[in-house]
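Pasting a structure below so you can have a look.
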Amino acid sequence: MRTYRYFLLLFWVGQPYPTFSTPLSKRTSGFPAKKRALELSGNSKNELNRSKRSWMWNQFFLLEEYTGSDYQYVGKLHSDQDRGDGSLKYILSGDGAGDLFIINENTGDIQATKRLDREEKPVYILRAQAINRRTGRPVEPESEFIIKIHDINDNEPIFTKDVYTATVPEMSDVGTFVVQVTATDADDPTYGNSAKVVYSILQGQPYFSVESETGIIKTALLNMDRENREQYQVVIQAKDMGGQMGGLSGTTTVNITLTDVNDNPPRFPQSTYQFKTPESSPPGTPIGRIKASDADMGENAEIEYSITEGEGLDMFDVVTDQETQEGVITVKKLLDFEKKKVYTLKVEASNPHVEPRFLYLGPFKDAATVRIMVEDVDEPPVFSKLAYILQIREDAQINTTIGSVTAQDPDAARNPVKYSVDRHTDMDRIFNIDSGNGSIFTSKLLDRETLLWHNITVIATEINNPKQSSRVPLYIKVLDVNDNAPEFAEFYETFVCEKAKADQLIQTLRAVDKDDPYSGHQFSFSLAPEAASGSNFTIQDNKDNTAGILTRKNGYNRHEMSTYFLPVVISDNDYPVQSSTGTVTVRVCACDHHGNMQSCHAEALVHPTGLSTGALIAILLCIVTLLGKLLLPASYLPMLRGTHCYSDTLDLPTSPSKAYSPI
């Protein structure tokens, strides 16, 4: 059987703060004992009779922040085994035992030796035991009990931040969320209202309000305008005890900034602007700046400028300077004081980023009038054309007038102008110009085949102000005249086979001409008149600017004649007709049966002096004939008249192995 014992717990009110006890859960001892009754003594004077339990503990409540001079009484431990004879000893262990909490080992009285703070430690768990003083053996099993520190309102609410920073758009509706502040209270939230915090606004009305339970700050005033006031400082109080009197409180500061919205249109500070610019200003030149003011900031203050009306829509432009938000008026096209002296423009400034909810305030744009006066400047002469193109025949004589250029002073004074040729563009001084009227004439003969185009520059200078001058390009094209004869496209040297047949083509001829007739080249080919009769070859004109050399007989003997010189006349079809004679060299060669040349050397017998046998015989015959004419009587002369010596038909060879013929 298991023996049950009971341990008596006594507690009462200590001065000046009371302690309280409540029943704890029951624990079963491991000691075998008989059933005992537990006597509970203390302030409550209640007596509990329980069975099957050797210990019954109460939960002690001890007020924090005790300020008395004596130790604070907690309670009393008592065992039913204690007969008051001092045989039992009470022992305390656990949280703070021997330091914060001490026990009278004879009586079981427990006291707190120090001031306790619930916020540091709200609960202490201790263990108690009764032992036999003589044997040291426990008469009761060890068991736990709790001392709970009872809270008092000794902590004020503390905000999570000393200073809050928040923003809210200007012109926000009433009740727009701004920021939420939070305060915490270290007191026990489960006991009374010590930790119940309520928020209120001490500074910042009527612009803002705070929800008492959540700490949410909202706007409380309609149409708060950043341009009137941008910064607000709001002071929020957090008070415990549910805000009742006697509660502790803390405060925090909330710095609220109104952010900008586009609720202001741009406005020009004046309705009219006036600028001046010289007529010589090139496109892109800035003339002046205008600026519309906008009370907003950032992108809400960005402005775009445009020209909407006026006489100079195509003459001027306006762009926005992104850094200064100014409208820069620039020249778009070249100005001319003599044509127009004053321009009037309407320039508009508008916001590119518009919030539709503020359109009821009116159009987010403004307009101003800009007058631009063009100033006269002394301008250089202006040519009637940007460039001149003239033409002249290549056979033109010196001092022939080609054409003229014209320039005049565009200013109202109309100063006289003189002309000249830039000699850097006419180094050979082929052309000249009349300084008074701008007529261009030749000073040297021209040749189209040498240079087709002449590119020169003419200068026009004001006589009264030589610093004012201008230039113009002048392109002169030399027109073709048929002054060049056609000629062979290349040097022609060909051959004919000894066994060639009549009308056999041995060479095709082509010609070129430096001239460039409008209708194209049309060449004709023929043998020179002196070679046309008795020639061994003929010319066939193909009527396509080519011609062919044909054989006129069957067979040629290279031993009799190894080379022929064929004069060919080439004529063009232009006016006046130009022609030239070119010579084609034809060699007589031995060929194979396919007509391929094998050898062109004559194999005649050669005299040591360098003359062939045939040539020597011909010479001797001529000598005999001449002597016969001189020595024979006149009656024999008719007999010799049929004998002639054709020395002009014999071309002495330049080498021992060749003989030549002109055709």
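Every residue, even glycine, has its Cβ placed from backbone N, Cα and C.
Automatic, uncurated: that is what TrEMBL annotation is.
Below are the features I grabbed from TrEMBL:
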{"type": "COMPBIAS", "residues": "269-279", "note": "compositional bias 'Polar residues'"}
{"type": "DOMAIN", "residues": "79-159", "note": "domain 'Cadherin'"}
{"type": "DOMAIN", "residues": "160-268", "note": "domain 'Cadherin'"}
{"type": "DOMAIN", "residues": "269-383", "note": "domain 'Cadherin'"}
{"type": "DOMAIN", "residues": "384-488", "note": "domain 'Cadherin'"}
{"type": "DOMAIN", "residues": "488-610", "note": "domain 'Cadherin'"}
{"type": "REGION", "residues": "259-287", "note": "region 'Disordered'"}
{"type": "TRANSMEM", "residues": "610-632", "note": "transmembrane segment"}
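What's the neighbourhood like for each of these?
Here the domain 'Cadherin' (160-268) has a mean pLDDT of 92 out of 100.
The DSSP breakdown of the domain 'Cadherin' (488-610) into helical (H, G, I), extended (E, B) and coil residues amounts to 4 helix, 55 strand, 64 coil.
Residues 167-171, 225-227, 293-298, 300, 303, 316, 328-337, 347, 349-351, 353-355, 358, 361-377, 379 of the same chain, all 6+ positions outside the region 'Disordered' (259-287), place their C-beta atoms under 8 angstroms from a C-beta of that stretch.
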According to DSSP, how is the domain 'Cadherin' (160-268) divided among helix, strand and coil residues?
3 helix, 47 strand, 59 coil
Summarise the domain 'Cadherin' (269-383) as counts of helix, strand and coil residues per DSSP.
10 helix, 54 strand, 51 coil
For the domain 'Cadherin' (79-159), jot down how many residues DSSP puts in helix, in strand and in coil.
0 helix, 37 strand, 44 coil
